[in-house]
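Straight from TrEMBL, the features:
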- 157, 158, 159, 160, 209, 210, 211, 212, 213, 214, 215, 216, 217: GTP binding site (BINDING)
- 323-332: compositional bias 'Basic and acidic residues' (COMPBIAS)
- 99-267: domain 'CP-type G' (DOMAIN)
- 118-265: domain 'EngC GTPase' (DOMAIN)
- 323-364: region 'Disordered' (REGION)
Ligand SMILES: Nc1nc2c(ncn2[C@@H]2O[C@H](COP(=O)(O)OP(=O)(O)OP(=O)(O)O)[C@@H](O)[C@H]2O)c(=O)[nH]1
Ligand SMILES: [Mg+2]
Ligand SMILES: [Zn+2]
């Protein structure tokens with residue numbers, strides 16, 4: 001891995017409260033505390049920072065210094081968020097600004113955006129050297145991570161099961177020259193050294209990928225103990241059994257926070273235009289040479305992308321995947337904003353109806 005791909009600076013843990021640093025607290029959050037008490041109504045001066053480690057149907061689990069509580073939902077918090085906890089009421093009185101937010105189109109018919117995690121520094125995009133491996137899927141995850149302002153790293157597990165792990169690595173390396181790619185045999189080798197550049201005190205890392213690729217196995221290997229259940233995959237198609245069922249933030253002995261997530265069945269992007277641009281930066285650079293600035297690279301004259309395909313310097317399959325992701329993202333972003341607009345309009349008209357009823361009642 002080139003040195004340039006390693007994280008340059010790790011927030012100095014001694015600049016902030018050490019026990020909080022072990023939960024991922026950095027100067028970015030510390031700086032937000034000043035001025036809170038005056039600017040936020042209902043803010044308790046005794047409020048203390050706590051991190052959301054799990055989101056349940058009706059509650060959040062928050063952990064802080066000498067705090068481990070279940071509290072009601074607040075501020076649309078997601079896993080990884082920092083909430084200021086009022087020790088008296090045991091409720092959240094503020095959510096800190098996020099350093100990053102990973103979101104996707106929620107699975108299902110109605111289009112809305114689902115937050116997956118906040119305040120993640122590094123996203124380990126996990127796939128395995130078997131039938132799960134798929135460049136198009138990896139590109140999606142990498143776009144998601146770029147869009148969220150995190151650093152993506154591709155991890156290819158089960159190197160022990162492949163005759164040619166280097167072949168998988170080479171394919172994954174074609175995705176982006178900004179993304180480090182590692183092949184690991186997590187069964188027989190401790191991954192701590194290979195992942196050490198990212199797995200540091202005060203950092204927060206997240207494992208994302210399909211079911212059965214070995215995310216929880218990695219979490220357990222890094223912690224040196226069983227934090228999460230793991231289970232064998234199906235023999236016929238190498239698919240996992242959805243062993244992890246909810247997102248949970250764990251603490252590693254070295255003070256790195258690590259998020260284990262359930263395998264995603266499908267990952268649809270929404271509002272990810274800039275993340276997609278980051279992944280396909282090479283094609284965007286070439287497309288800048290097309291005669292027309294809005295060239296669709298189909299039948300336009302003097303199209304640099306088509307010229308690249310013709311001379312073999314551009315992979316037509318990659319162009320197709322780029323266009324497909326762009327279209328999907330545009331479609332989902334539009335549909336999601338319509339859903340929000342529809343909800344707002346519905347809430348407004350419902351509000352009017354209620355007000356009308358209240359008026360009617362008062363007249364009676
Ligand atoms: N041979 C081999 N098996 C591995 C490796 N990493 C994980 N496994 C196995 O893969 C299976 C699935 O691993 P899990 O860690 O449960 O996978 P997961 O990604 O957490 O799956 P979900 O929780 O369903 O999303 C388990 O049987 C692991 O022992 C590896 O590097 N080599
Ligand atoms: Mg798991
Ligand atoms: Zn073109």
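Keep in mind that glycine also has a Cβ here, set from the backbone N, Cα and C atoms.
Of all the binding-site residues listed (157, 211, 217), 157 sits in the most crowded Cβ setting, with the most other Cβ atoms within 10 Å. In this structure, 215 are the binding-site residues from 157, 159, 209, 211, 215, 217 whose C-beta falls under 6 Å of some atom of ligand 2. Annotation note: residue 215 (GTP binding site) sits in a helical segment as assigned by DSSP.
Once the Cα atoms of 157, 158, 159, 160, 209, 210, 211, 212, 213, 214, 215, 216, 217, the listed binders of GTP, are compared pairwise, the greatest separation found is 19 Å. Summary: among the binding-site residues (159, 213), the fewest other C-beta atoms within 10 A of the C-beta are counted at 159. All protein chains shown were included, and the count of other CB atoms within 10 Å of the CB of residue 209 (GTP binding site) stands at 27. Residues near residue 215 (GTP binding site) in space but far in sequence (CB under 8 A, at least 6 apart, same chain), listed by position: 126, 207, 208, 209, 244, 260, 261, 263.
Per-residue pLDDT, averaged over the domain 'EngC GTPase' (118-265), rounds to 95. Note on the domain 'EngC GTPase' (118-265): DSSP counts are 38 helix, 33 strand, 77 coil. Within the compositional bias 'Basic and acidic residues' (323-332), the DSSP-based counts of helix, strand and coil residues read 10 helix, 0 strand, 0 coil.
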